[in-house]
């Protein structure tokens, strides 16, 4: 079975009121387009084609060589957008997934189930649908008395009966690839919006007595299409819940999960304790047995097992096992800490390596320094590393005791 994918990402997203293309707004650290593309990978597409338009170079840069791209110059509807992909997929045998790039909550599991349903039922087209308590604004699924899908009608074109229907079109489909592009040649703009509706191919298939099916999502949240900042916030809330629940299932304890922000690519080992108001972003890894107390903020960093981070900020740093940091410490980019290092309150470290079992208990700045092991850095110590033009390295040997301002270019030997 050969699968293909078309991702619709050409729209501007006027209701977002933003210079940024809609699909590039982020949910839990990844753009919506990245979330969709990761889910699409679950069906192992032989080829993925992304339809781009508004600020196309920015959109293209997100996926780079992971996808082929086609350009939709004019925004003439979803049917027109899919037509643009014909140059990439024309004549190919297989099944083509069509999905919008603004649906970040759709899961790979659901897309795989959709494909399996489509193949097992030998459909020419399968619509991913959901049951909505308030279906206003969505296209409705219209079935006959035998339960067969006969058409999809958009909100603006729906009659009174159709507007009462609760089963809605999520905007995700699977088609027989060849039949999709053949049917697209038959659709028109004869509708309330004057656009080429992709949904019109359903009526064409039905007129030819070809089989059209619908696979109903179990979780309505997955159907969310983000068109404004309100929906973006809703997507963020749902994604945050998913992420914290995933980590809890894998052995992480959250004292107050509703207040924690963890991005999609963060890795957390079992037996980590996370208190409230903790933020973990980017490519961060937290080792087993670590405790992150209230207010801790970590970005793109590796925290070794058994460490304790107390109400501190850590950026692009690497900490070995058994390190203690805080409260109110700041580890800036380029910091590495050896095993069992202690960085105390109101200590700032930048671009420095600190050897194992060294202690800097309070009120200290260590910048561009190489500090040995088992060093005691006393209160008020500052490595003066900047002369107004250049920065210089300070070297402090093992077992040294330091408690003063250190001018740049200094080297202090080991004690013992």
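Even glycines carry a Cβ here, placed using N, Cα and C.
According to Swiss-Prot, the features are:
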ACT_SITE  362  active site, proton acceptor
BINDING   8-11, 22, 72, 77-78, 139, 154, 169, 227, 332, 350, 365, 376  UDP-N-acetyl-alpha-D-glucosamine binding site
BINDING   379, 385, 386  acetyl-CoA binding site
REGION    1-229  region 'Pyrophosphorylase'
REGION    230-250  region 'Linker'
REGION    251-416  region 'N-acetyltransferase'
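Everything Swiss-Prot records as a feature, shown here on the structure.
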residue	record	contacts (Cβ under 8 Å, 6+ apart)
8	UDP-N-acetyl-alpha-D-glucosamine binding site	51, 78, 81, 82, 98, 99, 100, 101
10	UDP-N-acetyl-alpha-D-glucosamine binding site	51, 52, 53, 54, 56, 71, 72, 75, 81
22	UDP-N-acetyl-alpha-D-glucosamine binding site	11, 12, 13, 16, 32, 101, 102, 226, 227
77	UDP-N-acetyl-alpha-D-glucosamine binding site	189, 193, 195, 196, 197, 198
139	UDP-N-acetyl-alpha-D-glucosamine binding site	152, 153, 154, 155, 168, 169, 171, 199
332	UDP-N-acetyl-alpha-D-glucosamine binding site	315, 316, 317, 348, 349, 350, 351
362	active site, proton acceptor	344, 345, 346, 347, 379
365	UDP-N-acetyl-alpha-D-glucosamine binding site	347, 348, 349, 381, 382, 383
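Per-residue confidence over the region 'N-acetyltransferase' (251-416) averages 94 (mean pLDDT, predicted model). Residue 22 (UDP-N-acetyl-alpha-D-glucosamine binding site) carries a helical DSSP state (H, G or I). Neighbour density for residue 169 (UDP-N-acetyl-alpha-D-glucosamine binding site): within 10 A of its CB lie 24 other CB atoms from the protein chains shown. Around the Cβ of residue 386 (acetyl-CoA binding site), a 10 Å sphere holds 12 further Cβ atoms from the protein chains shown.
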